[in-house]
Amino acid sequence: MPALVLLGAQWGDEGKGKATDLLGGSVDYVVRYQGGNNAGHTVVVGDQKYALHLLPSGILSPGCTPVIGNGVVVDPAVLLSELSGLNERGVDTSKLLLSGNAHLITPYHATLDKTTERFLGQRKIGTTGRGIGPSYADKINRVGIRVQDLFDESILLQKIEAALDFKNQILAKLYNRRSISPRQVADELLGYADQIRGYVADTSLVLNDAIDQDKVVLFEGGQGTLLDVDHGTYPFVTSSNPTAGGACTGAGVGPTKISRVIGILKAYTTRVGAGPFPTELFDEDGEALRSIGREFGVTTGRNRRCGWFDAVIARYATRVNGLTDFFLTKLDVLTGWERIPVCVAYEIDGKRVEELPYNQSDFHHAKPVYEYLPGWSEDITKAKTFEDLPKNAQAYVKSLEEMSGAPISAIGVGPGRDETIQVNSFL
Ligand code: GDP
Ligand code: IMO
Ligand code: MG
């Protein structure tokens with residue numbers, strides 16, 4: 001039975017939450033493997049709308065065990081409030097499993113995230129301010145605090161002291177802020193320990209056993225390929241690996257166990273925060289995409305930057321993730337345009353370029369080369385099969401598929417679970 005990875009093929013917010021939820025009913029485990037509560041995954045079930053930040057979207061499917069893997073950074077206050085918010089709405093969260101090796105986001109990480117952004121001024125990344133980067137930085141610097149440290153008070157305090165030693169100097173001397181008391185941080189974290197203890201498990205062992213027993217395991221990415229710290233538009237990226245390889249390191253599962261990698265791809269492009277975006281629109285088309293597509297951040301409420309579909313990026317996502325399928329979302333948003341521009345290549349310093357530029361400065365100079373595809377005006381939100389789509393919508397999907405390098409196996413025509421055309425089965 002398959003282990004599947006489902007990830008963002010662009011700059012995040014492609015509709016991963018909806019796609020995960022759609023598969024949730026047929027999946028035994030849904031696993032977050034990287035990122036943290038910088039994610040905002042929307043799931044619409046009937047007339048109920050859920051916004052999940054840290055928990056895997058599979059938590060809404062009763063038969064499915066949600067897992068937070070070792071590669072995730074966990075803010076314990078957010079974890080508990082998200083769980084209790086779901087409990088209040090009648091969702092059973094008792095099956096959640098949390099890796100003891102996952103790193104914590106502490107209050108000082110969030111403080112440093114915000115102060116660093118302020119310090120950067122014009123050069124800021126536009127982070128979500130949730131402490132993601134500073135927590136991963138501590139992990140790599142070997143001064144991170146892990147979930148398992150919550151259960152040993154003396155170790156916890158020692159580790160917090162080690163982590164704050166240097167940071168307090170920076171806060172006081174560089175940022176002119178008050179230093180943070182290790183004891184106070186330890187007490188706050190210890191206050192969460194008892195509520196979290198029951199969820200902690202050796203998640204790598206659980207997941208490998210599950211795969212060996214032919215269970216279906218779905219790895220749900222946060223963010224997207226172009227926000228990957230290695231393969232994205234560095235430095236305008238998040239601090240983890242949303243790309244497919246991240247599922248292996250972030251969950252403790254070997255690459256030979258993964259049978260399918262599904263890229264979630266919006267029928268146009270959006271981005272939140274700073275950084276290059278060749279097809280970005282600053283005109284009424286961009287405004288229309290934002291208002292029709294409701295492109296406002298789930299986590300920070302910021303306006304998303306909007307632009308046309310970029311096939312160079314889609315091809316790149318196919319390459320660096322080894323995608324086997326695409327799930328094309330939000331096709332319905334494009335209804336009503338007479339012709340739809342699609343970026344097929346870039347022009348960089350007078351030369352046509354078909355692949356994502358390897359060099360950052362080249363990407364900043366990339367101008368989109370557009371092909372114009374005929375649009376459609378019919379409402380497509382009730383379409384159930386590919387043939388139900390108007391001919392021009394079918395042709396749009398087929399063109400994107402040819403340009404992007406992997407089959408489009410599902411098409412989203414609305415936010416709801418049933419507003420999906422399944423072309424090929426994922427399981
Ligand atoms: P994620 O971060 O990748 O899970 O995506 P977000 O939830 O941040 O943003 C995607 C938005 O698009 C959400 O509001 C979804 O409800 C919505 N959505 C997902 N698929 C479709 C679709 O096919 N059509 C429309 N109109 N909305 C969709
Ligand atoms: P989902 O999972 C879109 C962006 C931020 C910023 C950069 C770094 O909903 O697709 P961070 O706080 O991670 O250090 O910010 O990454 N970003 C996202 N953009 N969707 C997301 O998540 C994002 N998570 C982070 O806007 O540009
Ligand atoms: Mg989102």
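For all residues, glycine too, the Cβ spot is worked out from N, Cα and C.
Curation plays no part in TrEMBL annotations; they are all automatic predictions.
Per TrEMBL, GTP binding site is recorded for 12-18, 40-42, R304, 330-332, 412-414. A coil conformation is recorded for G12 (GTP binding site) in the three-state DSSP classification, outside any helix or strand. Its Cβ placed at the centre, G12 (GTP binding site) has 31 other Cβ atoms within 10 Å.
Feature annotation from TrEMBL assigns Mg(2+) binding site to D13, G40. Around D13 (Mg(2+) binding site), the C-beta neighbours below 8 angstroms that are at least 6 residues distant in the chain are G40, G224, K266, T270, V272, E295, G297, V298, R304.
For D13, E14, G15, K16, N38, A39, G40, H41, T128, R142, Q223, T238, R302, the entry in TrEMBL reads IMP binding site. Taking the Cβ of H41 (active site, proton donor) as centre and 10 Å as the limit, one finds 26 other Cβ atoms among all the protein chains shown.
The active site, proton acceptor annotation in TrEMBL covers D13.
DSSP assigns H41 (active site, proton donor) to a strand in the three-state reduction. Per TrEMBL, active site, proton donor is recorded for H41.
Residue environment of K139 (active site) contains 19 other Cβ atoms, counted within 10 Å of its Cβ in all protein chains. In this structure, K139 (active site) is part of a helix by DSSP. The active site feature in TrEMBL is assigned to K139.
In this structure, T299 (substrate binding site) belongs to neither helix nor strand by DSSP; it is coil. The feature substrate binding site is assigned by TrEMBL to V298, T299, T300, G301, R302, N303, R304.
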Name the residues of the same chain, 6+ apart in sequence, whose Cβ is under 8 Å from the Cβ of L331 (GTP binding site)? A267, I380, L389, A393, Y396, V397, I411, G412, V413
Quick tally, other C-beta within 10 angstroms, V298, V413; top of the binding-site residues is V413
Across all chains shown, how many C-beta atoms besides its own are within 10 angstroms of the C-beta of T300 (substrate binding site)? 16
Taking the binding-site residues G40, G301, L331, V413, which residues show a Cβ-atom distance to ligand 3 below 6 Å? G40
Among D13, E14, G15, K16, N38, A39, G40, H41, T128, R142, Q223, T238, R302, recorded IMP binders, what is the largest CA to CA distance in Å? 34
Once the DSSP letters are reduced so that anything not helix or strand counts as coil, what is R304 (substrate binding site)? coil
